[in-house]
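J.: Below you will find the structure I want to go over with you.
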Amino acid sequence: MRIGFLGFGKSNRSLLKYLLKHQEAKFFVSEAKTLDGETKKFLEEHSVEYEEGGHTEKLLECDVVYVSPGIKPDTSMIELLSSRGAKLSTELQFFLDNVDPKKVVGITGTDGKSTATALMHHVLSERGFKSFLGGNFGTPAVEALEGEYDYYVLEMSSFQLFWSERPYLSNFLVLNISEDHLDWHSSFEEYVDSKLKPVFLQTEGDLFVYNKHIERLKDLEGVRSRKIPFWTDENFATEKELIVRGKRYTLPGNYPYQMRENVLAVSVLYMEMFNELESFLELLRDFKPLPHRMEYLGQIDGRHFYNDSKATSTHAVLGALSNFDKVVLIMCGIGKKENYSLFVEKASPKLKHLIMFGEISKELAPFVGKIPHSIVENMEEAFEKAMEVSEKGDVILLSPGGASFDMYENYAKRGEHFREIFKRHGGDEV
């Protein structure tokens with residue numbers, strides 16, 4: 001058997017390492033970029049054939065090709081493989097095919113999925129279960145096959161689900177869906193269909209927890225699993241309370257809107273799995289939210305600073321704005337072909353001043369109209385401008401609405417840079 005790897009990112013690296021231990025086969029790695037010396041040494045030591053700097057028709061000789069999730073469907077090699085009837089799969093699909101589905105909890109959504117996944121892992125672990133945290137969240141799922149776990153809590157991206165041919169999940173949570181990654185997917189419909197692929201594979205006895213406001217899920221005819229919506233009269237959250245199965249519980253802290261939605265969604269999932277919520281609320285007290293997600297940094301001269309660098313879509317930005325009355329908003333990064341006219345219409349009542357830099361400024365600028373705004377060159381200038389146009393009591397919010405890759409390695413580096421500038425200006429950290 002000959003197994004190919006199209007792209008050699010984190011997930012395919014982990015899969016190859018697993019297969020080298022557990023499967024007799026010939027392996028072939030095809031990477032568009034240049035491989036580093038350490039990677040080449042590893043491949044050569046294990047007699048793995050490889051090519052770099054582009055893809056060739058050698059992949060056609062493989063019985064199955066595992067696709068790195070980030071590779072776009074319209075790349076020429078994908079089109080060639082598809083036209084020749086090649087079998088395409090993913091590291092995620094390999095994992096799902098080799099594990100008890102009842103132990104897997106899959107979580108997806110446009111915004112909040114990393115936090116929700118981390119929260120579910122936290123409450124399961126603290127309850128005494130051996131829980132694996134991974135998927136799109138850090139560790140590739142296939143690495144869990146080397147151990148024994150009670151639960152596998154996986155964050156799942158639209159890219160992973162798109163390339164996985166049959167991602168069956170016994171427990172599936174969908175937080176929300178809005179326009180995102182339209183620079184990757186051919187349409188919003190394709191993006192939604194990718195996110196929801198597991199729903200239509202579920203059978204009786206499986207669990208599906210979902211946001212009632214997702215338009216595509218208004219008609220669930222043909223879905224055979226147990227369907228539990230939230231943001232309903234039975235399951236919803238206020239600033240201070242959590243209502244699950246119609247029963248009221250006091251939230252153990254003050255949470256911004258997106259975190260409240262995460263807590264609500266995971267609490268409904270937890271209730272359906274364990275039929276009680278008291279232990280969840282106790283364990284929630286000790287959960288530390290992930291950085292760069294509505295992270296309160298502190299004050300400078302009475303101004304309040306929030307780092308929401310993980311907000312890479314306009315839907316996420318609107319969620320952040322919903323927590324405040326008026327905001328000095330910093331947006332930056334690479335946009336995702338969203339409806340910016342609609343975004344500005346919804347955001348404008350919350351904006352005291354909009355500061356933009358990076359590629360997204362070109363896409364936003366035509367729609368800002370009479371909203372006070374500034375276009376600057378970088379984060380330092382954005383920070384200085386925010387101080388200039390704000391006054392004591394104002395909120396200064398970094399919520400970019402775009403991917404970080406035009407100027408930063410990732411969203412975390414972008415958020416850390418914002419925090420560094422905050423400290424440099426004498427920020428009074430919490």
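In case you wondered, yes, glycine gets a Cβ from its N, Cα and C as well.
Swiss-Prot lists these features:
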type: BINDING; residues: GLY109, THR110, ASP111, GLY112, LYS113, SER114, THR115; note: ATP binding site
J.: Given the ATP site residues GLY109, THR110, ASP111, GLY112, LYS113, SER114, THR115, which other residues of that chain have a Cβ within 8 Å of the mean position of their Cβ atoms, reported in sequence order?
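T.: Neighbours found: ALA116, LEU175, ASN176, GLN258, ASN262.
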J.: Within 10 angstroms of the C-beta of SER114 (ATP binding site), what count of other C-beta atoms is obtained when all protein chains are considered?
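T.: Counting Cβ neighbours of SER114 (ATP binding site) within 10 Å gives 20.
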J.: For a quick check of packing: other C-beta atoms within 10 Å of the C-beta of LYS113 (ATP binding site), how many?
T.: 26
